[in-house]
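Single-structure report; data block below.
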Amino acid sequence: WPSEGMSQPRLLALLLLLLCCQGPSAQITDSLFENWKAYKEECHRNMSRMPAPTELVCNRTFDKFSCWPDALPNTTINVSCPWFLPWYQKVKHRYVFKTCGPDGEWVTGPKGQSLRDATQCQIDAEDLEAQEKFAKTYGSFKVMYTVGYSVSLCALLLALAVLLGFSKLHCMRNYIHMNLFASFILKGVSVLVIDALLKTHYSDKIDDYNVRIWLSDEAAAGCRAATVFMQYGTVANYCWLLVEGIYLHNLLVVAVFSERSYFTLYLCIGWGAPMLFLIPWVVVKFLYENIQCWSTNNNMGFWWILRFPVFLAILINFFIFIRIIQILVSKLRAHQMRYTDYKFRLAKSTLTLIPLLGIHEVVFAFVTDEHAQGTLRYVKLFFDLFLSSFQGMLVAILYCFINKEVQSELLKRWQRWKLGKDLAEEYKHTYSHAPSARNGTGSACEKHQLVSAGQGPSQRGAGLQQEPPRCLPSSPTQVSEAELRGLWAAAPPHRHMFSSGC
């Protein structure tokens, strides 16, 4: 007899492959555990109502798979397949069997594990193959979006550090970009954290049946908190994409546009508006759908509390996108460009705006999760996960790394550092080889002055005159490399190197 059949460990091993926090797999796992918990509680209630046995029997028990009544020695009893199985409707008329030994103890395996014959409750071969294919697909999706969010986080953190580190890049436009980066970072971190929590919560030594720990509210509290942060980050992310669209529209359309007067409003839209929807969602989840990690959406009305602001932001940004394209078309036509250049610049601008405003979300905005079935479900999930995970990287590249102002500031900082280093090296080289001033030979600077003084006007043409360099101290101990770099940083740079950053 098989010791477990398609029992909980094998069932969970299959379902744990589906742990994909933005797809339905976490909902499947949550529902399975909630149903199992309800089945267990129902079993204990039924056992408590049974009269106490008056003879030798194998005691009533719940063996973490099925609920068993008292059984006489040397008998095999059967009960219906447990209703917490996801495929219960196909096996509800079948049975699981268990044997009571002659000593009034249930027959166990070599290691003391519970034995039962649950072959009739196993999923059919075709259904099992479909489930495994389903699990493999979602496993691939999970790897894909984990890589996407990880790469995006690295790019976003670097871009945020660059914009924060250069004071010349501090302007209204970049303040909005930095807040958008922060929303992407919050979303990405919370997704990866909740993934790790779900994996730990559900896959920690399944064979030991530590279900009391798994299913406790204390164990789920961290997972729920991560879910709340993930939902807040997601809604805030769409709100900041909306702010980007509004700001760009105002720049192009509004004749007199005071940027600073709008920034408080932008902050309220980006960080404040999501709270107006998140708090009611948390309340209804806690009161009416308090299931494990809050990833299950049994009542889709609750889910629409968070879906509505996202849907609204996508819709408004789409109309802003159409309006911006119309403005670009009119401006390009006004310049009377060649048709090929006109098409190229319009296509380039359009493709750039799509990830910056989240316009790709419109493709599946009207295909809700509850209506997506079959191939459409896989396609929707793939695009949702792929674009959502890599969008942060694209935004960091377009708003920061290929921005000419950012590149100019980075180049100036590199040139300053390199020139300061070269000056320090030349200074050290000069004084490590030149004779000491105390030996009467004079410093290199003094020699330069003597040579310059000995040159006549004919030798120094008016167009070739150069101001002699400042004399460095005659001893290398009088100035450090750090001081040299400080002098270089304080020196007035060439005018062309300091064009306006914002």
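Glycine residues also receive a Cβ, built from the backbone N, Cα and C atoms like all the rest.
What you are looking at is a predicted structure, and each value in this text was computed from that prediction instead of being measured.
TrEMBL lists 1-26 with the feature signal peptide. Feature annotation from TrEMBL assigns domain 'G-protein coupled receptors family 2 profile 1' to 42-125. The domain 'G-protein coupled receptors family 2 profile 2' annotation in TrEMBL covers 141-403. The transmembrane segment feature in TrEMBL is assigned to 143-166, 178-198, 235-257, 264-284, 304-325, 346-367, 379-402. Residues annotated as region 'Disordered' in TrEMBL: 449-477.
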Contacting positions for the transmembrane segment (235-257) when only residues 6+ beyond its ends and CB under 8 Å are counted: 172-173, 176-177, 179-180, 183-184, 186-187, 266, 269-271, 273-274, 277-278, 306, 309-310, 313-314, 316-317, 320-321, 323-324, 327, 356-358
Long-range neighbours of the transmembrane segment (178-198), counting only residues six or more past its ends (CB under 8 A): 19, 21-22, 26, 29, 142, 145-146, 149-150, 152-153, 156-157, 159-160, 163-164, 222-223, 226-227, 229-230, 232-234, 236-237, 239-241, 243-244, 266-267, 270-271, 293, 295, 389, 391-392, 395-396, 399
Helix, strand and coil counts within the domain 'G-protein coupled receptors family 2 profile 1' (42-125) (DSSP): 16 helix, 22 strand, 46 coil
PLDDT averaged over the residues of the domain 'G-protein coupled receptors family 2 profile 1' (42-125): 88
